[in-house]
Amino acid sequence: MERYLEQNFGDVKSKNSSEEALQRWRNLCGVVKNPKRRFRFTANLSKRYEAEAMRKTNQEKLRVAVLVSKAALQFIHGIALSSEYTVPEEVKAAGFQICADELGSIVEGHDVKKLKVHGEVEGIANKLSTSTIQGLTTSEDLLNCRQKIYGVNKFTESQGKSFWVFVWEALQDMTLMILAVCAFVSLIVGITMEGWPKGAHDGLGIVASILLVVFVTATSDYRQSLQFKDLDKEKKKITIQVTRNGYRQKISIYDLLPGDIVHLAIGDQVPADGLFVSGFSVLINESSLTGESEPVIVNADNPFLLSGTKVQDGSCKMLVTTVGMNTQWGKLMATLSEGGDDETPLQVKLNGVATIIGKIGLFFAVVTFAVLVQGLVNRKLREGTHWSWSGDDAVEMLEYFAVAVTIVVVAVPEGLPLAVTLSLAFAMKKMMNDKALVRHLAACETMGSATSICSDKTGTLTTNHMTVVKACICGNIKEVSSSGEVSSLCAGIPDSAVRMFLQSIFNNTAGEVVINKDGKLEILGTPTETALLEFGLSLGGDFQAERQKSKLVKVEPFNSVKKRMGVVLELPEGGRRAHCKGASEIILAACDKVIDNNGDIVPLDEASISHLKDTIEQFACEALRTLCLAYIEIGNEYSDKDPIPITGYTCIAIVGIKDPVRPGVKDSVAICRSGGITVRMVTGDNINTAKAIARECGILTDGGIAIEGSDFREKSEEELRDLIPKIQVMARSSPLDKHTLVKHLRTMFDEVVAVTGDGTNDAPALHEADIGLAMGIAGTEVAKESADVIILDDNFSTIITVAKWGRSVYINIQKFVQFQLTVNVVALIVNFTSACLTGNAPLTAVQLLWVNMIMDTLGALALATEPPNDDLMKRAPVGKKGNFISNVMWRNILGQSLYQFIVIWYLQTQGKALFRLDGPESDLILNTLIFNSFVFCQVFNEISSREMEKIDVFKGILENYVFVAVLACTVLFQIIIIEFLGTFANTSPLTLSQWFLSVFIGFLGMPIAAAVKMIPVGSK
């Protein structure tokens, strides 16, 4: 079976599956009992094709718009422009001078001519009653009025389904429809033959069973949909920085309105259509909207920013012009949201299992029906009544048909693929509480098979609360962990050096020091920037005063390839100066001068270089992040079109920043190791810093290797084959190194790799990995969008929780499959052999429907929602090679099935003698005993299925209230069926001794299951 599943249903991967693979398995499933349910949690391929067509249209529209705007630019130079635009009355009445459609046509159409007519960006801002410096005024009335005119920043989503829609979908089951027809015919024939109410019992019994199945199924499905709804809400919590009332503040992107001033930085997603106000080196990736991979330069000449595009480089301020469904992104998202998530590999495999067993079940059902009908015909031939057929014969024939259809109901494990989504929905909801937001269903499942984790250092293994604790200025190394030490640092350094240092800190930064609503200083920016700015303030610096002294001419933002950031300043006394900061050894290599003890600039000699390199190494060995700050005088001939120089700098200072290791990381790494998961640290930091932290975390062991990205890049394929298994730390790595490592681990070593990332440049590695884990706090929107799971608290220990839940999901589904296949096998064989050998089926349609519900919906609820335990992280991961239906499962299925079949068969043949049954009711009582024993076999088998290999199946049972509730409901309802619903369910009330024996037969399955578990089998 495993080979068949792999060949026919194995093309679907945990991510990035091809459309052909997704379509292929759907075609293989052929006839399905209930397509509405079976394919509910699968991708809507037609909606995806629609979205792709929309992207192509956008690409063409934008291409034309850009060409037209270029032509218009050449044409309008020197021409006086006049406007024919009329402001709609309602817009004018609200206090605005431009409507949403006009704004949309300017930005979406890249219409330079219209922009000029409206007075460029400042003119548009005035017409929107906003200020490019102060932002919007946030009085409630004004915001509501603006929202009424311009709309909200949300796209139209399909309405959530009501409970009754799920009831209707559950009724779409083909076999239930056929049974409903049988029930209807049975009612008519029964009432005609025996009158009301006696003749209606059989028909009403089937109707009641169908309704029970439908309502229980619909309730389970509806609750599942609510869980997914909650997760969707959580996924959409995206905040953005804006200026309102003159203050920088964070708001939800859904609260954005035209007129808002938004601050965009590298890695952000543009949250609405808008116009560039000011900024530096802005590169925009429009591929998500147009499919075009070439980035677009955005500046004052090309100020158009489109919603849904990504900031690939640079930073800027943007004026929001159009929001929500007025943007192309809004329309595209409305279509894309209906495309759904890709189905998971397990879902597809279990669809394959359901299809195989469904075909077997259909064959047995047809044969059973043929055998039963043949028995009836043979009996009539013996009696000589084969030419006269009565209503009783018709009812009997109908019962046979109902039994055959019900065999299909029981035999086709329709609930298998849905058990996956049930288990995943449950796990995802719980993981949300444990600070992990799963963006794609498959990630939860794949994480259980992870064999390798490539983790960032900063913010994941460390706390991301950074402070400058050491500094080397003018050749002096100073401890600066307290305010007293900071003031003594200033005392021993020339004023000119301190001034240069502060100029570098406050100008060469992506952070900002602002005054918040409470009138207090607040530092905005990454933890590294915050640490430096805090240090600058503690030295007595004034951020705003320093920024106003000189004018910023050019900014080259930090990126993880260059590992540096640079700015060019126009000085008040004339001339220009460039500042740069970044990875210490890279910036130091660009320096040829240094500021000495007296504040003089002297050439860097061998002794100075050696001293500075030793300082960097000393800081790094103390697990400090090191940064070097430097400057160069570049004169007035420098143009802002030129790149910032990369050599000839003067070294100002080297700072050591402490970022403590998170508590609990060492234990988490040890748990990973015991669970067969290798943890590797991949960082952009200095190799000595990386090694010190890796040792502290327990990642770097005696046999492990720490390597720099530059060395890793130069290795050949053969060298990498020997080297990669030993690599535990990769320092000074570029995003490409991370991507290469992940790719080799997956292809060369068949590992299932999880990768963490927070920056824009991590997106390729996150995409390449089996599971991409983005940081919720430090991560950029680009990284989050490429990831499968978002770690909301940026904590490595949360990754272990994800792995634990992943393993739990995988094993829970295995338990459920084992349980369901056992019931399938037994129900099929019992009814088939009984029909062939005795001419009647011991289990009626109503009884089989009840059994189907126990094993399908209720079984999935009980077994697929078992919470994880710590033992899960003590076993080896499944990896890529493991069979889903393992030998252990086959052993348990066959052992339990054999026991149940022998018991039921013995009861059928020897039951009357065993229970001393005689008289007209003996057949009915015997069939009731068989039914009751069969149900209790399933109840106790459900308990045995909690562990596939361990004997102790009661550990933690009371902690899983869902399991206990399901078992209690099953037993309670079984008592009601036997004792009170006999006329509908074809059962007869049992005596106390008969009850005891039925329950004992079921209970006996548990020691048998325990004995079977002792039989050794291969692990596959």
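A Cβ is built for glycine as well, from the same backbone N, Cα and C atoms used for every other residue.
What TrEMBL says about a protein is an automatic prediction, not a curated fact.
What TrEMBL records for 115-191 is domain 'Cation-transporting P-type ATPase N-terminal'. TrEMBL lists 174-193, 199-219, 356-377, 397-427, 961-983, 995-1015 with the feature transmembrane segment.
Using DSSP to sort the residues of the domain 'Cation-transporting P-type ATPase N-terminal' (115-191) gives these counts of helix, strand and coil: 48 helix, 3 strand, 26 coil. Looking at 199-219, 397-427, 961-983, the range that has the most CB pairs within less than 8 A of the transmembrane segment (356-377) turns out to be 397-427. Away from its own ends, the transmembrane segment (199-219) comes close to residues 37, 163, 166-167, 169-171, 176, 179-180, 182-187, 189-193, 395, 399, 402, 845-846, 849-850, 852-853, 856-858, 981, 983-986 of its chain (Cβ-Cβ under 8 Å, at least six residues beyond either end). Mean pLDDT, taken over the domain 'Cation-transporting P-type ATPase N-terminal' (115-191), works out to 83 on the 0 to 100 scale.
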